[in-house]
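Below is one structure, written out as structure tokens; the observations come after it.
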Amino acid sequence: MEGAELAGKILSTWLTLVLGFILLPSVFGVSLGISEIYMKILVKTLEWATIRIEKGTPKESILKNSASVGIIQRDESPMEKGLSGLRGRDFELSDVFYFSKKGLEAIVEDEVTQRFSSEELVSWNLLTRTNVNFQYISLRLTMVWVLGVIVRYCVLLPLRVTLAFIGISLLVIGTTLVGQLPDSSLKNWLSELVHLTCCRICVRALSGTIHYHNKQYRPQKGGICVANHTSPIDVLILTTDGCYAMVGQVHGGLMGIIQRAMVKACPHVWFERSEMKDRHLVTKRLKEHIADKKKLPILIFPEGTCINNTSVMMFKKGSFEIGGTIHPVAIKYNPQFGDAFWNSSKYNMVSYLLRMMTSWAIVCDVWYMPPMTREEGEDAVQFANRVKSAIAIQGGLTELPWDGGLKRAKVKDIFKEEQQKNYSKMIVGNGSLS
């Protein structure tokens with residue numbers, strides 16, 4: 001009996017602390033300064049660890065293992081320039097050397113598939129899973145790492161799991177109950193309140209520190225918000241500062257439960273990517289949605305898949321064909337505190353969340369950008385590329401022309417044929433692509 005009473009007191013004390021110091025402040029969108037103190041201590045610790053590692057690691061090893069240095073040194077010049085030093089006439093057998101070189105570069109380290117795996121860090125951040133290039137430096141550094149493991153798994157993880165459980169449970173229950181109400185302004189207000197509150201709680205569960213820039217450009221009702229995509233928590237990051245009607249792929253498991261509950265309270269659009277009829281239905285729903293300027297802005301991730309936050313890949317044109325005002329948003333995570341990228345082919349949602357909750361924190365910057373509209377004579381593809389370029393520049397990301405669908409599918413023949421056509425034009429046009 002005494003053991004049960006003690007356990008009950010510990011549990012009640014724990015829940016009281018969680019409720020008083022985290023839940024209530026997150027509901028009202030205020031901070032007690034605890035996370036700021038935690039981040040200051042964390043930054044100082046990682047800076048100290050970086051200095052210790054640099055002092056104890058030979059310079060040659062640092063250069064060799066630096067994540068900023070690839071396996072190979074690429075020649076980024078276009079085909080026309082790359083072949084100019086090899087060919088003297090319209091065609092020479094030596095042209096084979098150029099294509100062989102490019103082929104070997106792609107086999108060793110292509111610029112696409114590496115975007116579907118976690119970004120390597122220049123300096124170890126005291127997390128076991130990023131300890132790729134770390135070797136023993138000193139007893140003091142090892143003790144700091146051990147202390148970090150204890151803090152992350154014995155203190156932060158139970159707290160974060162508690163918050164995540166409360167946040168997700170409230171979201172599922174709240175949206176289900178609100179969904180039973182008839183359509184009215186009250187239902188819309190309650191739906192926004194539930195989404196906003198629960199997302200703030202879930203962000204606290206990840207020790208999220210978010211810096212919003214240019215808030216005067218926040219997406220307005222009746223518009224379309226497009227952003228680069230790294231993780232499902234992109235939705236949490238954006239919804240913490242404002243509500244959206246979301247468009248996305250149907251999921252199973254925990255994500256599916258959340259999706260089915262959310263759609264009861266808010267006109268989110270979930271679809272199956274492989275179904276053509278779903279795609280037509282989505283286009284129709286989106287056109288109807290943006291026609292009503294009283295509805296929430298639509299949140300779309302045009303890449304269609306999660307990229308590791310180093311690049312922005314091809315934007316699907318569908319989002320840019322329906323008209324309306326586009327509100328671009330750039331999201332950039334700081335990998336030094338935790339890896340936000342979701343490798344869906346390797347981890348399910350629960351495993352991914354556990355990895356996030358055992359990281360130091362999730363730190364990111366969000367840039368709202370001036371609204372953009374389709375210019376006269378500009379087709380949907382050109383408009384999509386213009387928006388993608390703006391997001392890449394603002395977020396400091398690499399812009400790539402490749403389709404994120406290559407994560408799941410083979411390269412289309414059209415990409416191979418394009419390279420063949422360029423080479424043919426050079427021969428027919430005497431070495432010019434124009």
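Glycine is no exception: its Cβ is also placed from the backbone N, Cα and C atoms.
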Completion exercise
The candidate from SER68, SER123, SER344, SER389 that Swiss-Prot records as phosphoserine is SER68
Fill in the blank from the handout: As Swiss-Prot has it, motif 'HXXXXD motif' corresponds, among 109-114, 211-216, 229-234, 283-288, to residues 229-234
Practice task
For the transmembrane segment entry in Swiss-Prot, name the matching range from 14-34, 350-370.
Solution key: 14-34
Handout entry: Long-range Cβ neighbours of the transmembrane segment (137-157) (under 8 Å; 6 or more residues past either end)
Key = 45, 48-49, 52-53, 55-57, 126, 128, 207, 357-360
Problem - DSSP residue counts for the motif 'HXXXXD motif' (229-234), split into helix, strand and coil - result: 2 helix, 0 strand, 4 coil
